[in-house]
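What follows is a short report on a single structure.
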Amino acid sequence: MGIQIIGQIERINGKELSYGDFAERYLAKNQPVVISDLTEDWRAREDWVSENGNPNLHVFATHFGKSRVQVADCDTREFTDQKRLEMSVTEFVEQWTNKDSIEESVLYLKDWHFVKEYPDYTAYQTPPLFSDDWLNVYLDNYQMHEDRDSFQKYDQISCSDYRFVYMGGKGSWTPLHADVFRSYSWSANVCGKKRWLFLPPPQSHLVYDRYMKNCVYDIFEEVNETKFPGFKKTTWLECIQEPGEIIFVPSGWHHQVYNLEDTISINHNWLNAYNLSWVWDLLWKDYKDTEESIEDIRDICDDFEAICQRNLAANTGMNLNDFFLFMSRFSLGNMVLLQSYSDKHKNLNSCSLAMAQNLLMNLSTILKVMMKMISAGGVTAEEVYLDLRETLEDPQFLRFVRDMGRTYARIHMEEEDQFLSSKELLQKLSGLAGPNMQICSPKDLVEMINHHNTFSSQIYFI
């Protein structure tokens, strides 16, 4: 059974695209696009590519060879994904370069946390179009899971950030999937060429079985019509991604990817105000699925909810408590930036209106999602809370806010501001929380954001 391709992904020159236009045309509308001319000055495109345009594997074996990486065996299916092997980069390069038989498996190095492992090697700089990245700026400063004892070391490494390097020979591929957390992703070809097939979100149900549990693995193999009765109705968009091009993958778009040549790519998953509702919807769905899967032990288990949260974190990458703390810290960080800007700039000529609008939109979006969380049941663990006094005096939080400020200054082409001292911030923000200065529930966070946005809207006339 062949697939029906009905169109191609739009292409655009990145140098002719402002952040505002990108946000309006692609982030807000959740539409894919191929973007050119944003990678020419990357170190990776110089160091990692041979003169003939192929991957410079010698560089990886020489400088990064001891790194332990996950490698997919593209010819072997294991449950719902390709079989994974662990090896060093040197071992991977040796197997790649010594492959002399068509009977040998095609290997694909995936999900290499290169930036986290080599922070002093600046292989590339994230383009401003993709810099409003709540996920990775948060994980640069905090662990996703507060209850660290409940998670194995591998889980901590795998959730340390969502910035990856992929390397694979011609014929390597990735099965049909939608991205983690239903996040956005961007993928830049350092060298090589890829073929992408995209399925629009309204058709997602057509690639699942009648129970919405199992997804089609490979859209080019013979798909079982009894198991996947809707698959024959799917219509696809296609894209051939050339070297140096970046593809933006929106939330909820299932896709399957083939390397048409030996390829190296850089890939980020990220989320922000434009797709936060996608993240929450998936998290709540996965929570209910987790709850249902162990329902038979509810009456005999004293810590049923804790088990649900632990299983959710293991399967989805974060649980409800992780998400609540993430949103609480990020909200407070936005408030700190807005308070600092409003105090230091007495008129809008000195402060970017676009930046203020961006920060207020962030808070308004989090508020809406917290309202959904309240309706759904919210956070139940009593120990999950954010103490404002402790947080505003915490050097780790101040580094987090500094990183946020640097990000938004870069996006909106503003000078980076110094924000207020912890003492000044406590004085300004103390009236926004309850008398105990704690955010203990989604309801507390909603009230705090409402109070803050009322005040800030008056300042910025937004």
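Every residue gets a Cβ built from N, Cα and C, even glycine.
What Swiss-Prot records for this protein:
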DOMAIN    115-287  domain 'JmjC'
BINDING   HIS177, ASP179, HIS255  Fe cation binding site
Taking every protein chain shown into account, which of the binding-site residues HIS177, HIS255 has the largest tally of Cβ atoms within 10 Å of its Cβ?
HIS255
Please list, in sequence order, the residues in the chain of ASP179 (Fe cation binding site) that are at least six apart in sequence and whose C-beta is under 8 Å away from its C-beta.
SER185, VAL249, SER251, ASN269
Env. residues of Fe cation site, Cβ within 8 Å of mean position of HIS177, ASP179, HIS255 Cβ:
THR174, LEU176, ALA178, SER185, VAL249, TRP253, HIS254
Need the DSSP three-state call for ASP179 (Fe cation binding site) to compare against my parser.
coil
As a test of reading the model: what is the averaged pLDDT for the domain 'JmjC' (115-287)?
94
Going by DSSP, is HIS255 (Fe cation binding site) part of a helix, a strand, or coil?
strand
